[in-house]
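K.L.:
What follows is a single structure, and I will ask about it in a moment.
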Amino acid sequence: MGVCFSCSGAKAQDETDKPQTVKNRCDSNRQRKDEFKVLLLGSGESGKSTIVKQMKIIHQDGYSEQELFMFRITILKNLLDSIKAIALALRRFDMEPHLLENREAADLLIVFELPADANATLPAPVAQAISGLWSDPVIAQLLQRRARITDPDYLPSQEDVLHSRSKTTGIVETKFQMGNMRINLVDVGGQRSERNMWIHSFESVTSIIFCVALSEYDQMLLEDKSQNRMAESLVLFESIVNSRWFLRTSVILFLNKIDIFTKKLPLRPLANYFPDYKGGDDVNKAAKYILWRFTSLNHAKLQIYPHITQATDTNNIRLVFAAVKEYVYTLTQNPPA
């Protein structure tokens, strides 16, 4: 990804069962002896669910046409939420679309709600309103794929699914084969309201993957507008790596969303939010600083393996998980004392 680093006490380096998604806590406690349980943790919107989607794409044949169809409603909602945010921002800053018909389109989009039906399509006036508002001279072209998405016969692509966003609730297990290893990847919701369920997944964990969104250093939590997201991730990471549950567990740290972080850093200086950072807009220095902030919390001296990741990049995640496989296997052969 153009950024690499190493640190003391941490190592940095660059098939074929049908995945199963299980939401039954009782089943999650019944683990096969040849199965390696990897717990996927992190705060909300850190990219955990995208990692799970990549496992399905990489280690199986990806999503069937029926499965892709089920993502339509999520992607349409993502599109509507984006255009509504733009329409509301225009209103907040006393700006109006240049064309009168697009002003009416903005009013329509602000109040429109998509039915919670997998077969739902966008009504023609709403689809026209989206296209009109996005084509208006006052708004830069943001979604080049909007015409395809608003088509009544739209079927999401694998890439569309990777970029879609929906909140994870409960405990989701994804089981897949990597060579001779069977991995059980356990994803749990990252929002504060979901974390009281985490303890149900702590038993028999081989490794932890902890996801951090590098790009969220300047953002606040959805559930608490007074709390910085990066600061929240630091607190959460400290509680995990020093927990009595994980004294014999390795931690794989994904510093995710490097693509967004790289674009944002020159525009939103990291030092504005972490005053002790002195590296300017150098992405490598900024990533190393954030890594240091996390590894310095490792009072239990667990083995930490850091990776710079872009969860939407399938090739990047394929390479990273090849390394993850080696970490997990090595740990099972040589467990910590």
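Each Cβ is built from the backbone N, Cα and C atoms, and glycine gets one as well.
According to TrEMBL, the GTP binding site annotation covers 45-50, 162-168, 187-191, 256-259, Ala311. Residues or ranges marked as Mg(2+) binding site by TrEMBL: Ser49, Thr168.
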K.L.:
Using DSSP and collapsing to three states, where does Arg165 (GTP binding site) fall: helix, strand or coil?
P.N.:
coil
K.L.:
Please report how many Å separate the Cα atom of Leu162 (GTP binding site) from that of Ser49 (Mg(2+) binding site), as a whole number.
P.N.:
9
K.L.:
Whose Cβ, among the binding-site residues Glu45, Asp259, has more other Cβ atoms within 10 Å than any of the rest?
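P.N.:
Neighbour-count leader: Glu45.
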K.L.:
Under DSSP, is Glu45 (GTP binding site) part of a helix or a strand, or is it coil?
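P.N.:
Coil, per DSSP.
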K.L.:
Let me know the most crowded of the binding-site residues, choosing from Ser49, Thr168, Asn256 and counting other Cβ atoms within 10 Å.
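P.N.:
Of Ser49, Thr168, Asn256, the one with the most crowded Cβ is Asn256.
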K.L.:
Taking only same-chain residues 6+ apart in sequence, whose CB is under 8 Å from that of Arg165 (GTP binding site), what do you get?
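P.N.:
When sequence neighbours closer than 6 are ignored, Arg165 (GTP binding site) has Glu45, Thr74, Asn78 within Cβ distance under 8 Å.
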K.L.:
Can you give me the Cα-Cα distance between Thr168 (GTP binding site) and Ser49 (Mg(2+) binding site) in Å, rounded to a whole number?
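P.N.:
That separation, Cα to Cα, works out to 7 Å.
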K.L.:
If I take the alpha carbons of Ser49 (Mg(2+) binding site) and Asn256 (GTP binding site), what is the distance between them in whole Å?
P.N.:
12
K.L.:
For a quick check of packing: other C-beta atoms within 10 Å of the C-beta of Leu162 (GTP binding site), how many?
P.N.:
18
